[in-house]
Amino acid sequence: MEAAGDEERPLLHHPPPHLHQDGDSRYTNDGTVDVNGQPAVKASTGNLRACFFILGVQFSECLAFFAISKNLVTYLTSVLHESNIDAARNVSTWFGTTFFTPLIGAFLADTYWGRYKTLVVFLSVYIVGMLVLTVSTTLPWMIQSSNHSEIHRITVYVGLYLTALGNGGIKPCTSTFGADQFDITDPTERVKKGSFFNWFYFLNTIGSLLSTTVIVWVQDNVGWGIGFAIPMILTSLSFTVFIASRRIYRYKSTGESPMTTASRVVVAAARNRRLELPEDCTTLHHSPSPPSEATFNVQHTTQFR
């Protein structure tokens, strides 16, 4: 039989008690604040109304990402005249960079900037990258010098790696910032939180579908400039609306990065690798704070034995 300590229990952080006296439920109970740093008012912040703008950012970014990645080998071989081997290698390197940079973005969001600021900074970088890619499609006609092909190539890769860097702050923050808009202590909002993630992954799928069909067709049959410009414009518009709606979001304060915590676990495990496990496992029980102040005890469990 599984021990009671194996069950998942949320660690809740409550705002100051005076905000909830006499049954006052106007404020969230999960520690979120509004744009002014005051406790978030449920009626005017967060919930699905705030998530519409976050979902707009996610959809446009997904459309832009797949508009680049789905047809990138074709672009490198047909426009930059790279060999299939070189194009495949460069695309793989770009993909690897794209999926590595979220580690940087997540660390900055958790430890220093918070999710909203991280999204704003990295979305700006992403849009600049899309703009550079779009402009690069006109360079062969704008530059008549003999070295225009090398300038064109450099410009394309600058745009690609700017989008890879921008992607690093968007991937780890859109879903989590959307989740921040729901108070986990409110049963009604917990249900709506599930709806948010349904819409989140639905729009991911739709963005991928539209990029693979419509945008790729435009790139192959109309022009690469138009094919890059469409997602760039949509991303810019969603970014503008996202910024303009900052007053209705709920924000969580920054803390210690999970990467730091996980690193400490690895270091502690390495240092204690020669220690003997005590026969009485109750000696492993401990409280994160003095007993008079503890909210939860850290119970021994065999769940991850």
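Heads up, the Cβ atoms here are built off N, Cα and C, so glycines get one too.
Keep in mind that TrEMBL annotations are predicted by a computer and have not been checked by a curator.
Quick look at what TrEMBL lists:
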REGION    1-28  region 'Disordered'
COMPBIAS  1-11  compositional bias 'Basic and acidic residues'
DOMAIN    50-305  domain 'Major facilitator superfamily (MFS) profile'
TRANSMEM  52-73  transmembrane segment
TRANSMEM  94-113  transmembrane segment
TRANSMEM  119-143  transmembrane segment
TRANSMEM  199-218  transmembrane segment
TRANSMEM  224-244  transmembrane segment
REGION    282-305  region 'Disordered'
COMPBIAS  292-305  compositional bias 'Polar residues'
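When each of 52-73, 94-113, 119-143, 199-218 is scored by its Cβ pairs under 8 Å to the transmembrane segment (224-244), the top-ranked stretch turns out to be 52-73. Here the transmembrane segment (199-218) lies next to the transmembrane segment (52-73) in space: the count of CB pairs under 8 Å, restricted to residues six or more apart, reaches at least 3.
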